[in-house]
Each structure stands twice: as C-alpha cells, then as structure tokens.
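Novice: Dropping the structure in here first, questions after.
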Amino acid sequence: MGPGRPAPAPWPRHLLRCVLLLGCLHLGRPGAPGDAALPEPNVFLIFSHGLQGCLEAQGGQVRVTPACNTSLPAQRWKWVSRNRLFNLGTMQCLGTGWPGTNTTASLGMYECDREALNLRWHCRTLGDQLSLLLGARTSNISKPGTLERGDQTRSGQWRIYGSEEDLCALPYHEVYTIQGNSHGKPCTIPFKYDNQWFHGCTSTGREDGHLWCATTQDYGKDERWGFCPIKSNDCETFWDKDQLTDSCYQFNFQSTLSWREAWASCEQQGADLLSITEIHEQTYINGLLTGYSSTLWIGLNDLDTSGGWQWSDNSPLKYLNWESDQPDNPSEENCGVIRTESSGGWQNRDCSIALPYVCKKKPNATAEPTPPDRWANVKVECEPSWQPFQGHCYRLQAEKRSWQESKKACLRGGGDLVSIHSMAELEFITKQIKQEVEELWIGLNDLKLQMNFEWSDGSLVSFTHWHPFEPNNFRDSLEDCVTIWGPEGRWNDSPCNQSLPSICKKAGQLSQGAAEEDHGCRKGWTWHSPSCYWLGEDQVTYSEARRLCTDHGSQLVTITNRFEQAFVSSLIYNWEGEYFWTALQDLNSTGSFFWLSGDEVMYTHWNRDQPGYSRGGCVALATGSAMGLWEVKNCTSFRARYICRQSLGTPVTPELPGPDPTPSLTGSCPQGWASDTKLRYCYKVFSSERLQDKKSWVQAQGACQELGAQLLSLASYEEEHFVANMLNKIFGESEPEIHEQHWFWIGLNRRDPRGGQSWRWSDGVGFSYHNFDRSRHDDDDIRGCAVLDLASLQWVAMQCDTQLDWICKIPRGTDVREPDDSPQGRREWLRFQEAEYKFFEHHSTWAQAQRICTWFQAELTSVHSQAELDFLSHNLQKFSRAQEQHWWIGLHTSESDGRFRWTDGSIINFISWAPGKPRPVGKDKKCVYMTASREDWGDQRCLTALPYICKRSNVTKETQPPDLPTTALGGCPSDWIQFLNKCFQVQGQEPQSRVKWSEAQFSCEQQEAQLVTITNPLEQAFITASLPNVTFDLWIGLHASQRDFQWVEQEPLMYANWAPGEPSGPSPAPSGNKPTSCAVVLHSPSAHFTGRWDDRSCTEETHGFICQKGTDPSLSPSPAALPPAPGTELSYLNGTFRLLQKPLRWHDALLLCESRNASLAYVPDPYTQAFLTQAARGLRTPLWIGLAGEEGSRRYSWVSEEPLNYVGWQDGEPQQPGGCTYVDVDGAWRTTSCDTKLQGAVCGVSSGPPPPRRISYHGSCPQGLADSAWIPFREHCYSFHMELLLGHKEARQRCQRAGGAVLSILDEMENVFVWEHLQSYEGQSRGAWLGMNFNPKGGTLVWQDNTAVNYSNWGPPGLGPSMLSHNSCYWIQSNSGLWRPGACTNITMGVVCKLPRAEQSSFSPSALPENPAALVVVLMAVLLLLALLTAALILYRRRQSIERGAFEGARYSRSSSSPTEATEKNILVSDMEMNEQQE
C-alpha cells in the first residue's frame, strides 16, 4: 500500500455500514418509481434516419440501437421542465460533460439537477447535437448570425419514431398547481419524493388519490407542493357550485400568477377564468367573496388588438360592473380584476402583475367545439325595401334620428331595432344592409338597468362584437345605446340622443315550399356569397386535391376574412378528427405562404405554434377542439379531405370594404425613417441604453400608433432582409455574441385568448411569412409576443411585459403624426440657460406626455433652481387658460420602491411643494404637476390628462461614480473610523447628546470637522454599512436655506439617496439664509428606508450626527479593506465572504464557490448590500451573486433557498427572463444572461455544514490525502499540496501513489478553478506542475494519459520551439493562472493531484472484522439498532395513518390568507385539518 492512501477502516465503521445497509433493505418498498404517476401522452421514441435506429439509455450511457421498442422504458423519452429531456428507463436526464472548449464532450445520463446548463436542450437543435455527439451523417450547418428562415438542417435526420414529426412536436407545458403551499407556481418535473423520481403528477403519499407535484426539485428538502389540475366532468373537488345556474367556481386566493398564467391554470382544469354575464351571477360571486380581502383576475380582457373588451370563455359581454373611473389607461392595462374592497367591482390592470384568480366551468361540459352559426338562408317573403335573411327581414332607415325615435320608426313598420345573434347575421348586415353608411343604431341598450345591456326586441344577448376599448363609458347615463360602425361591424356605446341612421328587423313570411336558396350552385354545393362550396370526402394528397377541384371547374378554397372563416368552419363541423386542404401553400419552401392564385394573404387563422419552424408545406383546416384552425402539413405524404370553391363571377351582395389602399412606391419617408425602392413602407428603430426608455409590447405598440405608425410587421423575406441591413448599419455587423440579448419588439403576438394561441400581426396583415429561431424552445403558455433578435436576425417568443427596444413601420407618403397641431403647440423651443423648453397645451396622461417628449429627444422637465422655476412660472402664465391649471413635470415616484425621480435621471436638489403636498407614500405611482399661477408643485394620479412641459439639454450627466483615491494619505485619530481619505465619527449614542442640526454642525466644527458630505454611492455604502448598531437617525451636512439643497461647504448636490416619498418637508421660504430643512440618514428597520435620506425641520428636531474630516498626514493609515487582496476572506456582521476575481459565467462562479464549501452570496438586508457595494466598487467590476431567475421567467430566487425579503434592483429590473443577477459598481442589482462572463463574483462562506450542492455529479472523492482534503470539481477530484516543493518526477510519483495523476487542465473553467485555489498558497509556492509531456512522434504536447492538449493558457511570450523537447516541463503560475515552460530538473514546484470521481463502494463481506468476538459484537449491535429502527418506523407509519385518516377526500378551501401568511402544509396533512387548526 503506497503512502498517503487511507488506512483500512476500523471495525466500528464496518458496523455502521452494516446497520445502514440492513436498515435500507428493511425500509425499502417494492414497486418501480413513479408507479402511481399519471399516465402521460407526451412520451416518445427518438428515431435517427441517418443511423436507422432509436436513442436508448443504458447504464448512464446513450447509444442508437436498430431495435426500436415502444414498450422499452430505456427508449422512452419526454420533455420536462427547464428544457430537459427525461428518460423513463434510467429516471435521469440527457446531458453532456461540463461545457468547455473540448468539443468531444461525452453524451450520457445525469441526475436531473435544476441548475446544470449541460442538461438543457432546445428541441430545434437537439438533432444537431445528437448528430455531432453520436456521429450521424450530417449536412452543412448554416453560419451563425446569418439570416435563416426556419430551415431544419441536421435536426431533420431526427424524428419522433413512427411519425414524420420533429422533436418539438410533443413539447412540455408548465403545469400550474392549485392550493398547496407554492402560491400556484408550476410543477418542477421531474421531482424527488421519498427517494423516488417522478416524471409527472402522482398520488403517492396520499390516501385520497388526489394528484400532486412538488414545485422544487426535492420535496423532502423543501416541502413545496400543490395539487395538479385535472379535467373532470364534475365539481366535487376544489369547486363551489351554484345550484341555480349549474356553474362551478374555484377561488385561488393564495396563488399569485399573471393573467395569462392564471388563464392557463384554469384551462388545464377544463375551465376558464371567471366570466360574469348576469346580475344574479355577480350577486352570487359577491356572496362567496364576503369576508375576504383580495383582488382577483377574471376573464375580462382587451387583448384582441382589433376588438374591444371580451370574456376569455367567449361569453357575450352584456353585463358590466366597472368601478367609478374604470376602465382607465386602456392602452396599457388590458386585463380585468374583481375586488372585494369595492363589493365585487371591476378594474382593469396590467396583465403582467401577479394576483390570485377565479376559475369557472360548467359540469359535464365536453371539449367539443362551439356549435357553428346557422348560415343556410331559408326563403322568406319580405315587403318591398326589406331584405330577407334566415327567416327575418331587414331594412336600412337612412333618416337620422335619436335611438328612441329610430326604435319608434321600426315599431311603426312592424319590427324593432335590429338584434344580432351570430357572425353570419353580422356579415349579412355589414355587407347587405349597412353598406357604405359609417355608423348606425342597433337595438342593444342598457336603458332599463345601468351596465346591463339587452336587445330592444327582448331577444337573448348571446353574441357581442365590441370595438377596441369599448364599451368604455357605460356608467355615463348619456351612453346607454349602441351603434355599429366600421368595416368589420364592431359596436360602440354612444349617447342615445345622437342622430344616426338605423337598421330595422322583423320576422319574415315563409315562402311556399321554403327551401334553401342555392343562387345557382350545383346540387351538393353550398352557397356563401359570392361563391359555391363543396366538401370532397376522399382523403388525398395536396396535388390530387388541386386536380379534383379543377375537374369540378373550381379551385381549392381561399379564406379572406373572419366571416368566410366562420362559414367554412360550419361546413366541416361534423367531421371531427379530419383535416381539409385549402389553397394556402409554400410549395417552393420559401418560408412565405401564398394562395394558389398568387394573391397575398390578408387574413390568417393559425393553430397554436403554427406555421411552425420548417419551410415549405401546405395548409389544412383542423376539426374537433381546434375547429377551423390552420395547420401546415406535408404536401406529398399527408392525406386529407378538401374543400372546393367556385366563384360565380359578379357578387350577388356587396363585398366588405377591402383593406387599406396599398401604399405607393413613389411616396416619400418622414425624416429619420428608412426604406428601399422596392418597399412600400418606411421603418424606424427606437433604441435606448436607458432602461426607463424601453417599453413593454403594449407600450411599444402605443408609441408607434401615436406616430400614426404600427409595430413592425414582416410579410416577406425581402422586407426582413432590408430591416436586417438597417439594423446592421446602426449597430454594426459584429459576431452574434456582441449582440446577445438585444431584442426589438415586432407586431407579432398571440395575446388574444380567444385566438387559439394563433400568432397574428398587430396591424392586421396576414401571418404568411415566418422566421422563428428554431433553436428556441418558447412554445409555452405565457410568451405571447415576438421580438426580432439582433444576434440571429430571427424571431423569438417573449413575455409581453419585458421592457425592450422596438421598430415601427409606416406607409410611404404618410406624415408622422405630431402631438399637437395647434398654433401654440407649434411654438419654437424656448431657451433658458443650457436647456430648451416646449409647452404642450393639449392634455395627455403623464406617461403619454413623457413618451411625446422623447420624440423630440427630450424629457418632461426637471427643475433645479429658483431661477429655472421662475422661468417656467412666467411662461406658464402666458400659456395657461386658467390660473389654477396644472402642468405635468418630470418628477414621479417609482413603482418598485416609492422613491421620487426625475425622468431625465438628474438629482433632486430643489423642491417647491404646495402646502399639504406630497401626499403620503402609497402603492400607486404618483406623478407631479406644477400650478400655473403659483410656483408650487403637487402630486396626483398619473392617468389624469394634463398639459405638459418638455425639456432637452446637451449637457452630459455623470453616470459613474468617480474613481477611488489611489492611496489614503495619512490616518485618523483613534476614536474615528477611516474610509479612503476621510475620517468619520458617529455621535449621539446617548439620548441627551442628540441635538438640532446647527448644534450638530457646531459640535463637528469644534473637532476641526464638519457634518458629513456624501458625494457618491461608495461613501453612501460605507455609511449604511456602519448603521446596524445605530438605533437613531443621524444629521448629515445637507440642508436647504432657499428651495435648493446644498452641503455645508456650499458644494452642489451631485449625488442623492432620498427615501421613498422624500424630500417632502415644508418648502423653505424664498428669502432668508438660515437652513429650515435639513437632511438625516435613516436607521429605519424597513429595508426601503435604511440608509436613505429624509428632510426634517432643522430647528424643531434633535438627532445624532456624523462628523467628517480629512485624514491626518502625520498619522499612519488604517489597513485598507478595499480593494481586497486575491483569495482573502471578508467578514461583515454574521457573514463571511470570499471575492472571486476571475472571468466567470454565473454557473462557473457557483461551481467555484461550491469547491470552497460555499455558495454564491445571499444578500439578506441593506447593510450587507452596502458592504458588497463597497467590494464591487473597490474591485471596479460587477460581481455575480446567488440570485437567479427560473427558466423563461422573471421569478428570481436565491440558490441558497433563503426567502427573497430584500432586493436592490435597479429601476426596470429584473429585465432578463431566466437570467442571473450581479451587483454593479454603483451597488444596483442588474440581470444579464447567465452565460455572460463577468470579472468577479461573491461567495458566501457558510459557518455551519457545507450548503447543499446545486449541481450534482456521479461518484465521490476520497476522504483525505495526508493533511490535504480532496476537493470535488465537476467530474474530478483535486488535492492541493503547495507546501511540498518537489521536482516534476517526484510530483508524478506522489500523485501515482494517491491513485491519481499530476494536474491536467482541459478547458478555461478548470484553469480558473485551479488558479483560484492556487492563490491561497501564493506565499508558499510560485506555481504547480502540469502533467504535460512532449510527444516527439507527433511533435505535439500530450497529457499524462496521452490525450492531446486542446486547451492552453500560455503566458507571454508564449511557447517557443526550443521548449518542445524531452527536457521541458510545464507549470501553472499561482498569481496569474498562466502556464510556463521550464526545465524538469533543478526546479521545484507545488503539487496538485487529480483523479476521476469514483462510484460509492458497495458493501462487501471482506469489509467485516476477522475477530470472532468483534463479529458477535457487531451482530448484536445490528440487531439492537434494527429493533430500534423497526419501532421508529411503526410509530412513523402510525402517525402517517392518523394524519391521513383524518381526511378522506381533499376538500376545497377558500382561504383569505395572503401568500406570505399562508400556512405551509405537508402533502400528508389535509386541508380540513389545517382549517380546523386555524379555527
């Protein structure tokens, strides 16, 4: 046995092994993991056309086997959460070795660790990776960064076995939990429970049989869970039932989801978000809400860009219960809530905020599609001037009358104002009756009961078709009657006394032998103006369908508007499970779809995730639950039925108005917009570095529309090619990595919940050209808007509330719409000092006003001096129409923290509040106005419409704090604290020593000091970090004798850190030199206030204070903690931190911290935040911390799984979905892609047991080597012996005796890991040997195992030819991580040994002691401990039985607890028990 190898374990260790093994055998339970799991349909086999076999997992390895077997678990795969691919045989996830520069990474099966990036795959590129790693025959790959068009390259060789579907055909969709203790968070699949892995919802652990899942990876560790949604035909579990209407309701008070997530959760239960269509239903809901305090999502939304408010379940919007002043801000708040505080009143809110929600369903409802409208036109007799349709007669009354007079006129003719009950009837009225008339009365009104619309003829309201933002003013008694207007026949509520034409309707007289009118169609064909339609019932290929229609003198069907779509859907209603060919195709595989006639596609009705990613294909209509939706199918192999359409020439009835006229090619573009001679539109990119200038999709759409433009739509490759070139001219043609995470909103979206998850362009252009990035796996339920990715020049699905840049598009020859056309609005900019100002008299909300200012490269005005205030006041008196008129200025509170900010980012150094203003800080954003006749300010709701003032300046503002002083000149007295080149002292520990501001300043002057001046975030961080033991507020040197704040030395205020709602003190008098408002630093226990500033009365309050003076050159400086030396640990409060100063990705930093028995840092409070700010500023580099976002989400959590009680986000953050967080040099938290390399990170060193590792690997490391432990890192173990200075040969021998080899380094991350650990030994050795040799046969360097050196990190001047010889050895420097060549003899270095992780040693009889007496003792101890284990198990199971026996079926519990107060329940404890405990 070589020296250094661990000695044989003594017999007590064998005893413990015996006990554990027998105990495990005793506790083990039969049955394969997941036996109780729900059978899942999304399991598939992966087939390779190139290798002619299926992917199989065996023993941790992956291979392709020619024997495909659908019943063999090792070949069964499924997509699971976080883009991982799960194998049902191994119960593991597909992955590779840790990614590095080595391209020969091994493919294998790994534990499904949540954080491991090497387990994540994109379904579109999985085939490429499998071909590369398994050696399948491949074709060329398109060059990164080029403009692709969704082509399948090597991925096309990999398909789902038994079909032609690609590997994205069975994607994973998030499953949102109900009840439990996870606030509605989605399941984490797979998850571990009771040492078993589950790849779906399970009933294991529950005797009631209800399915549940964990919402974190390991239930046993976190105990986070929820019930799984199930589709059932009853309302027994989790539902309240209204016996009168037979509707069922589910109140999810403890969940917090966005509107779209809540809608998906309801849909997963065969339900929808709550719709309220009757007063009785509102009353019933109010009764269920009694006693609760909550705001909950309902199905009301305004997400259809071409329509108005609607219910997500397609119920008619006929009853409304808006609160007063609602809906407001309709352009940005598109989803509805019901509020208990207003007795069930409704409000509109931003759809992205997280709230509880209510689901609704009808029991015994099926998944069958809604029955189609009746389109058959039965013959009826009508009087002259009346026109027949479906048994009724209709007439246009051209004379303009009020609604009541119009109704009387209809009654005199034997009818009533028209009622509309279907899309078919609406089409007839729009085409045949309305014709060219712009707006007419219809019979809908709410005259009898406010907010409850009904038809004047008494018929049931079963169909509504509102205009965008309508109905919006129903609460006004003057808007009780409804009109129909516009080319699509949408509806608007209007004042009843308005004079308009109208439409009458009455029952018709059935004709003798009344039969359907055929309008000349052949037998078996169906008429719909202006064509005849025929269903071909044979299943044929696309070319055969074309030929068959041609043989009948017709063509495959074209669909040009929503009316034709509704009619065609009615034709195929009874053909469930079938497909029908249409004339839409991409036969040439261009990526653009066209009708066979060559016409452009002006209307589309795609199914979810269609038209997909591949180019080419032909379009068929689906049936069943996807009735009438369009899907792309293979033109040659897929067989479907077909629909022929035969035009009868001249339309019998007028057609709908066509789309807007096609713009001219000769029209000019507005200034600043670009175009190409072949394009009919002009384009402009709106981009800014500032987060506050970026916009959500809805805001970007509004910004374009305010200019008279639309968000970019792309109808062809040529159009997108021009836009790509335009972007390259602006941002440069760099490598894709340079432009990573730079996205631009385009108009493509699937926000409308009634659109079947179909992508649509916001400007109404048909979605016929597609270029989605096939490497993205973004087909989940919540990414409803699309972006153009600058790096790949392709499209990516994104959450609509993400703040991004955008691109607008406007027709040639169109002028950009100015915000104000009045003479006053067109006044020139007025100049004052170094800025220009413009006064806009038209009224806008605060956000709209700010947006208009940005069009002129300006902002809403900021005010920084009395002179500037006087200038504004003087001009306001000229522009204002009333003395008390209010004008918006740029001051506003942030929604994230309630702090006041100027829109231009300038410092708040001047205030002019009116008496009683500003109002106390609340949860709603506040915006500030200036009064015309007085020089004072007030705050009010930002949605109020006011005139406003814009300001622009060419003066550049300092954005970064100044550099640190190079050295501290001198030191501080013993009772003072030194920070850089200043000394500080906190006074006021005793209550009697707390004084007024002037007395504090005098006390400091007596010590040759002054009250502290805080000039940058670094000094502020030092002050805040000094506050944990301070229990009182502290005066600082900031004060205001006039209206502007300044420091005691009359230094201008260049940095501020005001608390939420501050400065808010009384405005100082304009005259007088004595300070009346002075600032304190708050010690508040609230994280939002700690260390912030507040302005207080200088003469009426007493506080502690902080004195400051310069260092004394005669004194020695204190040891400087900043910047810290490499490898040093810093202690603060109860925490210890290690700073990593290396180029690291986030996951690399996490691994490196874990190799130090630490984790990435957790920031629990503003004190620790201030301490880390000093560290980041001292190193002059951003630092990773342990806060990361869930995949594709802006939900962020600590890797240490601590609660997220404190955050330090920069405004607008977290911006990056699924990103990682760093502390920037100014202390603010920002997010970026986890793959970004930053130059440092912060580890939080645990004082207790090592934290659980977030990334796991097979095997373990030996217990120890002499006096040095083995350190695990990825797949290997390392032992550092830098105290031993050995020659190269001796180092090799020592590592061989330990079972390993001298250090080899295979990629950059491994080099960083070694370098980080070597820095701890920098004083003992200048470096460590590398196990590298020169191979004279190949003339190359090889590692000790003869593998080639594919990665290197040579220091200057590099590796010369003279160093490539048998006599050369190589080493790594401790202080730099660089590699050096040198001689093999007469040089000694430290030793680092490396060996692969080993599997846990199995139990072996040879490990038992040989002494018979010892054996007897072992066996007796085993029996004794086994008896104890058995007793414990019986008690445990009895307790389980008691817990579960108290609950026979999960009962629905409507709890009013907030999420933070919600009781966290183990899955084995029933809801009933928890309710009883609370009572």
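Just so it is clear, glycine is given a Cβ too, placed from its N, Cα and C backbone atoms.
Straight from Swiss-Prot, here's the annotation block:
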- 1-30: signal peptide (SIGNAL)
- 31-1414: topological domain 'Extracellular' (TOPO_DOM)
- 41-167: domain 'Ricin B-type lectin' (DOMAIN)
- Cys54-Cys68: disulfide bond (DISULFID)
- Asn69: N-linked glycosylation site (CARBOHYD)
- Asn140: N-linked glycosylation site (CARBOHYD)
- 182-230: domain 'Fibronectin type-II' (DOMAIN)
- Cys201-Cys228: disulfide bond (DISULFID)
- 244-360: domain 'C-type lectin 1' (DOMAIN)
- Cys266-Cys359: disulfide bond (DISULFID)
- Asn364: N-linked glycosylation site (CARBOHYD)
- 389-505: domain 'C-type lectin 2' (DOMAIN)
- Cys410-Cys504: disulfide bond (DISULFID)
- Cys481-Cys496: disulfide bond (DISULFID)
- 528-644: domain 'C-type lectin 3' (DOMAIN)
- Asn588: N-linked glycosylation site (CARBOHYD)
- Cys618-Cys635: disulfide bond (DISULFID)
- 678-809: domain 'C-type lectin 4' (DOMAIN)
- Cys704-Cys808: disulfide bond (DISULFID)
- 832-951: domain 'C-type lectin 5' (DOMAIN)
- Cys853-Cys950: disulfide bond (DISULFID)
- Cys927-Cys942: disulfide bond (DISULFID)
- Asn954: N-linked glycosylation site (CARBOHYD)
- 979-1107: domain 'C-type lectin 6' (DOMAIN)
- Asn1029: N-linked glycosylation site (CARBOHYD)
- Cys1078-Cys1098: disulfide bond (DISULFID)
- 1132-1243: domain 'C-type lectin 7' (DOMAIN)
- Lys1142: SUMO1 cross-link (CROSSLNK)
- Cys1220-Cys1234: disulfide bond (DISULFID)
- 1273-1393: domain 'C-type lectin 8' (DOMAIN)
- Asn1350: N-linked glycosylation site (CARBOHYD)
- Cys1369-Cys1384: disulfide bond (DISULFID)
- 1436-1479: topological domain 'Cytoplasmic' (TOPO_DOM)
- 1450-1479: region 'Disordered' (REGION)
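Tell me about the setting of these features in this model.
Specialist: Annotation for Cys54 (disulfide bond): spatial neighbours Leu45, Ile46, Phe47, Ser48, Val64, Thr65, Ala67, Cys68, Asn69, Gln75, Tyr161, criterion Cβ-Cβ under 8 Å with sequence separation of six or more.
Every protein chain shown contributes to the tally, and the Cβ of Asn69 (N-linked glycosylation site) ends up with 14 other Cβ atoms within 10 Å.
Secondary structure at Cys228 (disulfide bond), as computed by DSSP, is coil.
According to DSSP, the secondary structure content of the domain 'C-type lectin 1' (244-360) in residues is 23 helix, 40 strand, 54 coil.
Cys359 (disulfide bond) counts 28 other C-beta atoms within 10 Å of its own C-beta, drawing on all protein chains shown.
Within its own chain, Cys410 (disulfide bond) has Gln397, Asp416, Leu417, Ser502, Cys504, Lys505, Lys506 as residues 6 or more apart in sequence whose C-beta sits under 8 angstroms from its own.
For the recorded site, Cys481 (disulfide bond), the DSSP three-state label reads strand. Here the Cβ of Cys481 (disulfide bond) has 28 other Cβ atoms within 10 Å, regardless of which shown protein chain they belong to.
In the three-state DSSP reading, Asn588 (N-linked glycosylation site) counts as coil.
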Novice: Report the same-chain neighbours of Cys635 (disulfide bond): residues 6+ apart in sequence with Cβ closer than 8 Å to its Cβ, ordered by sequence.
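Specialist: Listed in sequence order, they are Thr541, Tyr542, Ser543, Gln585, Leu587, Gly616, Gly617, Cys618.
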Novice: Round to the nearest Å and give the CA-to-CA distance linking Cys201 (disulfide bond) with Cys1369 (disulfide bond).
Specialist: 57
Novice: Given Asn1029 (N-linked glycosylation site) and Cys1078 (disulfide bond), what distance in Å do their CA atoms have, once rounded to a whole number?
Specialist: 23
Novice: Could you check the disulfide-bonded residues Cys504, Cys1078 and say which one's CB has the fewest neighbouring CB atoms inside 10 Å?
Specialist: Cys504
Novice: Which one, 182-230, 244-360, 389-505, 528-644, has the most C-beta pairs under 8 Å toward the domain 'C-type lectin 5' (832-951)?
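Specialist: Answer, by Cβ pair count: 244-360.
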Novice: Could you count the residues of the domain 'C-type lectin 5' (832-951) that DSSP puts in helix, in strand and in coil?
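Specialist: Secondary-structure composition of the domain 'C-type lectin 5' (832-951): 24 helix, 43 strand, 53 coil.
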Novice: Name the one residue among Cys359, Cys942, Lys1142, Cys1369, Cys1384 whose Cα is closest in three-dimensional space to that of Asn954 (N-linked glycosylation site); these are the recorded positions.
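Specialist: Ranked by Cα distance from Asn954 (N-linked glycosylation site), first place goes to Cys942.
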Novice: About how far apart, in whole Å, are the alpha carbons (Cα) of Cys927 (disulfide bond) and Cys704 (disulfide bond)?
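Specialist: Answer for this pair: 24 Å between alpha carbons.
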Novice: Let me make sure I understand the structure: which of the disulfide-bonded residues listed (Cys68, Cys618, Cys808) has the fewest other Cβ atoms within 10 A of its Cβ?
Specialist: Cys68
Novice: Below 8 Å Cβ to Cβ and six or more residues apart, same chain only. Which residues does that give for Cys1220 (disulfide bond)?
Specialist: Trp1146, Trp1184, Leu1187, Ala1188, Gly1189, Thr1231, Thr1232, Ser1233, Cys1234, Thr1236
Novice: If I take the alpha carbons of Cys1098 (disulfide bond) and Cys942 (disulfide bond), what is the distance between them in whole Å?
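Specialist: Each residue's Cα considered, Cys1098 (disulfide bond) and Cys942 (disulfide bond) end up 32 Å apart.
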